[in-house]
């Protein structure tokens, strides 16, 4: 039954083979080190591991908790491992920096820990670790492990990288791998990341570790290929998957911006053009048909609209019994006639009184003007752009005030953009290998040295304020003060610690230069927050002020992220701004003035510098205003000269000095200026500040209105015949009774329109409207009082043959006769008859309706905004800066998402609605801003926001060495302090690993905000977040906070407007998602430019509202003052509306955008248009001619010449001078718009309106006709109505 011999032999050898294989397996799974030996020369404070090839050893009990914390996979049975407690402590210290940046994604950090735990403690080290170099360590009679080979599975390496590649570093708006990979995250991959982690040059690894990547066994080594977790997976300890911000795979589909609205087209052409073209064609056909039809009808039956009142046998005849006239006039006609007659009688009495008592009238006027003008002593001119463009009650202004109060005003910016004409160096060739890297010309080392000299000179500038020396250190932004007083200087030279010596640092292997300023630059643009370059001599990249210097802020003109191709250097000196602290603000302004002076005088043939200071724009606006004083003075001088000469009606050369009215013209001008001074003075009494728009525009406006009225009064007097037995005061009183109602009509219409325009929320428009309305009202009152008295005196002078100006000189007797002036005769004999010819009138209508159609089609094409370059003089250094900024810069202004006070951060639910890490809501604040940054072309949000809350959570984790306190005092203990008294803030318990809530949250937050980042803890919040969190209630609660990111580069007004609009929409969505029951707060975005561009969000609505309100007020006032002639008022408003629409057509053709300045001009054009139209319409309504054509001709002949000479010619010469202004804003918004206002007003008032009245003017007011006949019956003036 026994086994054969052969079988025994076979079993024996089989057992030997199995036992032999078992022995080989046991031998393979041994340690390669255990414990620590000698100090490493590579990293101060760290040691080599001791060579040991025996089996794993049970870990002492005092290391069990540390093993469970770092390597829970080995925390079982008797915890047999290849590391001792000291090695675990060293491992924990080495992992502090990765912990702070990667632990926000648990799967990523778990995989990384797995990599290092297997390396340090695995009981099967010999499977994948091979010690290749040793050195003796006599004190322990052992040898140091100096170098090992680490065999890592490619699958593991790729999975670890994939889990970590999207993790963000919230404080620096970059990916964490940019800090932990030694290069930009976009250039990092699974292999070069691990190679960097094991490189002795990273200042963390004490000995060389050569990683080999393969999924297959190599040279008898089995690669470490442990299980990994994807960033979308939960961990065994209950940690959730990574957030969308840190794990793209967890986000779902990438957000897709909504499609851009397509232009409205018909048949491939602009829809408005097609619609208006068709509308105009239809109108022309209907109009031509109507004209031909009426012409044919009139050929057959010729009937006058006044036939009922012309025949003597008709009850409506003027020749009928006056006692029956009241029976034929309508009640509305009668009411209108009585109202107008009342005005006539009142003005007649008043005019006669002013002529009879000139001295009391003039003196009382002077006293009142002096009293009102004395308010100019309190005049305050504001050039602050915020005061000019943003209403104190506007959303942007309120948000700015909130931000300034809680976080301090946004810093002041002094900036240089530096280019060079020097040719670039040849490409840099890395040693020992690598592709050539081209460097832009400004990155030439000699140029960098010169730029550093310039930067140093600016740092050392000294200014004087109130007898005190002011340096940059006195005013600069110093985030780590008082621990680090270095100023924040955003400059590429900060990569070299602003030092010539560091810039010249090189490293050599004895034959080749292996590292220099090129390699340091390439490293720092990839890891700007790094405290140590991986290359020798390990210079830091972090700025001397304690914060990172991001390449997109200090370099310009590069493509994509190839910062080495930069063609410009950008140096920014942030300076503290001060809220309601005039002294410290004065110091900043004084230093900025010295900064500008220095740069203006700086000369270097190799450097071209574009520069700007916070005060530059305001300074240049002031300089622009000063430089334009001459231009404005010449413009007004030409208008004054014309007025003075044109008022006179010279009948002969002999009477030249008698008939001239230079003195009266000057008096009229002084009245106009006095009305402006009174308006300014009265509002200065009230504390209303003036703006440059008020000073520059209102004199032009009031001069147009006032001079027109002056010409009407004087020329009516010159054409008038004094009746028999009529005294001078009676004649002038009668003339005033005739013209003053029209003056009242225009002036009061404009005054009401302007006062209603003051309802605008735009400060510039509101201030202009207030000042303009009051100035026009005062001007009217002065004209019907003081000017009438002066006219009476001048008439007496003229009648007594005394010379103008030299009134003491009297010529020989010789009375001049009243005759018509040349311009009046031209209008009466030539122009009016021609315009109202049968064949001319249809052409006029066709032309003006065509222009109107074109303008309507152009309205929606007018751009909204104000090109910031237009606000500068054309010789301003700021224009060069704007041009360089557009050309070179790649990042826009910072934008802060502010959470108002009242939000509760102490609850987990409240935290989840804000944070962006693991466990945070997908619609949290940080996640929504992050999602917006993924479609930056649409949202204008460039980066993920920096989040103090997420960094605080990483900082306070018990695994981290950041949050510690002194056991004896409870005071904060910085991570750089080595003391046994420093205790971790939170215990390594399940609850301790959770986020802090309640009182725990507030207990450690002040410590975080006071902690300066260092090499042991890069998460300290002092530099990045000291101003981001407003602690209240004695540091027991969180008030307002902000989360900062950047806009994309914004160059034109539409970009700024779109950026603000998108940010507000995003903030509104965030507010909705963060609502907490019983809490009142909201989230809003804030950026420094919002207060200037908010007006454009509603400018179209504001424009329509202002102009419609103005037209409505003009309609009401005109209806009443014309004696309730509603149709006449409608025609006036229709014509003014056409002028306004045509103004938009001109704006589109001439490249004038819609903004506060152009809106002021549009409101003003509405007022001036009243002058062009109301006098003509009133003259038409009071005419007693037989037909509409005859009435229109008479109105155009009598009022046209005064309007033409009073407004058109007066303004035309002055406007042309504005074209010579150096100010671009004057050339665009004043010369172009003023010229358009005058030309459009003149053509519509003197060409289109008479034709319109000839077709559709109101019927004659029978009561007015009969009253006029009754007034002149039996006088020598009766023939005028015949």
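In case you wondered, yes, glycine gets a Cβ from its N, Cα and C as well.
In TrEMBL, annotation is done automatically, which means it is predicted and not curated.
Range annotated as transmembrane segment by TrEMBL, chosen from 226-249, 250-273, 274-297, 298-321: 274-297. Checking TrEMBL for transmembrane segment across the ranges 585-606, 607-628, 629-650 points to 629-650. TrEMBL tags one of the stretches 1063-1084, 1129-1150 as transmembrane segment, and that stretch is 1129-1150. Highest Cβ pair count under 8 Å relative to the transmembrane segment (1233-1256), across stretches 359-379, 662-686, 692-714, 735-756, 1129-1150: 1129-1150. In this chain, the transmembrane segment (1156-1174) lies apart from the transmembrane segment (274-297): fewer than three C-beta pairs between them fall below 8 angstroms, excluding pairs fewer than 6 positions apart.
Taken together, the residues of the domain 'SSD' (628-793) have an average pLDDT of 79.
Counting C-beta pairs under 8 angstroms (sequence separation of 6 or more), the transmembrane segment (768-793) reaches the transmembrane segment (359-379) with 3 or more such pairs. By the count of Cβ pairs under 8 Å, the stretch nearest in packing to the transmembrane segment (735-756) among 662-686, 692-714, 1129-1150 is 692-714.
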